[in-house]
Amino acid sequence: MSITIRKLDSTSAGFGAELRALLAFEASEDAAIEQSVAQILADVKSRGDAAVLEYTNRFDRLSASSIAALELPQDALQTALDSLAPKARAALEAAAARVRAYHEKQKIECGTHSWQYTESDGTVLGQKVTPLDRVGLYVPGGKAAYPSSVLMNAIPARVAGVGEIVMVVPTPDGVKNDLVLAAALLGGVDRVFTIGGAQAVGALAYGTATVPAVDKICGPGNAYVASAKRRVFGTVGIDMIAGPSEILVLCDGTTDPNWVAMDLFSQAEHDELAQSILLCPDGAFLERVEKAIDELLPSMPRQDVIRASLEGRGALIKVRDMAEACRIANDIAPEHLEISALEPQQWGQQIRHAGAIFLGRYTSESLGDYCAGPNHVLPTSRTARFSSPLGVYDFIKRSSLIEVSAEGAQTLGEIASELAYGEGLQAHAKSAEFRMKH
């Protein structure tokens, strides 16, 4: 059965409205979920380990006697790594090495060092950069086990110099995923608790007798986890609340249509709300891609999910030229942007808003997901207009440094007191004036 995918044309009168309708997405808040999460968090804050243990045993069908019994020692992580098939272990180790190398380079290039300068009167001004003390990493369990996400969250935190990384991962029915545990070891995770859900987020945010309170929580999760992260924000930092996955492909019509179709599938297979869009100035090529979609879809294990995603939120869009495609891409601000063209660098220079930019026909988005090196935790839902991929900079903070000399206190005191009086804050003014020589 052929797929029915939305087709748009940028020259049509209603294109702007059609594009806005295509992109429109608002995460629905389920009142029952919100109420349940609020109750769980309050319970964890009040009763600590006892509440976390109760919810974990109930939701994951366990019979643990204590939270301490749910912590995995480092040798369990080593055992998981050693149990992997040689090819799986080699792939995981290679991915970890590449992700680490990229983030080590990022640390050097992205202003993650302290600095200061001295003014002529001896006043010293600067900035002190320090890593976070402790970070919590949430990792989904069960069927949705993503070792790549462990690497992408843990490694930049470790490279940044975070003092301790605490990972939580649910193990429904006691089933552990060796790839996830091996990734935790390779990523430098210090402690692993086999707990999940809103109760795990609460334990990380508030701390319990066994689970230490963290300064920031990162990592993906289901609707309960997302709700819990929203609610504890402010008590701790969070990375982001991610929406459905997205891919936007800009193609000049010179790439194999099968490649492009499979790239669209690569995001559509995540879930029914994922969004896959193709922009191309060649109408005949768009038809070839549509044909490739119909031919390839029956061979995909997740074809039902892919079909629902492409029919519900996907689109094939004909544009005037590649320059217009770039302008539309900047408006969409996608999570993943592929520029599959003969001159990808030329068009890439015109892109201002995208979570990750994949240049050239050989650069599939999936390579970035797993092993290229850059982080795969990316802004979604057009937030790439103002936010960035997860990186080393998310695990550091900056403090201003001010050391005023006796001479500087005269000059700055005069300015500060004048402004303070203007704001009606006499103590501010006097605090500066007391240090001035009259």
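A Cβ is built for glycine as well, from the same backbone N, Cα and C atoms used for every other residue.
Features reported for this protein in Swiss-Prot:
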ACT_SITE  E335  active site, proton acceptor
ACT_SITE  H336  active site, proton acceptor
BINDING   Y138, Q199, N222  NAD(+) binding site
BINDING   S245, Q267, H270, H336, D369, E423, H428  substrate binding site
BINDING   Q267, H270, D369, H428  Zn(2+) binding site
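Features recorded in Swiss-Prot, as mapped to the structure shown.
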residue	record	Cβ contacts under 8 Å, 6 or more apart
Y138	NAD(+) binding site	M167, V168, V169, G196, A200, V201, L204, I217, C218, G219, P220, G221, V225, K229
Q199	NAD(+) binding site	I40, V44, A51, V52, Y55, T56, F59
N222	NAD(+) binding site	P140
Q267	substrate binding site	S245, E246, I247, A274, Q275, S276, S309, H336, E365
H270	substrate binding site	P244, S245, V305, S309
E335	active site, proton acceptor	S245, E246, I247, A354, G355, A356, L378, P379, T380, A384
D369	substrate binding site	S148, S266, H376
E423	substrate binding site	none
H428	substrate binding site	A416, S417, A420
In whole Å, could you give the widest CA to CA gap in the substrate site formed by S245, Q267, H270, H336, D369, E423, H428? 56
Near the Cβ of S245 (substrate binding site), how many other Cβ atoms are there if near means within 10 Å? 23
Using a 10 Å radius on the Cβ of H336 (active site, proton acceptor), the other Cβ atoms enclosed count 26
Three-state secondary structure, which DSSP defines for H270 (substrate binding site): coil
Using DSSP, would you call H336 (active site, proton acceptor) helix, strand or coil? strand
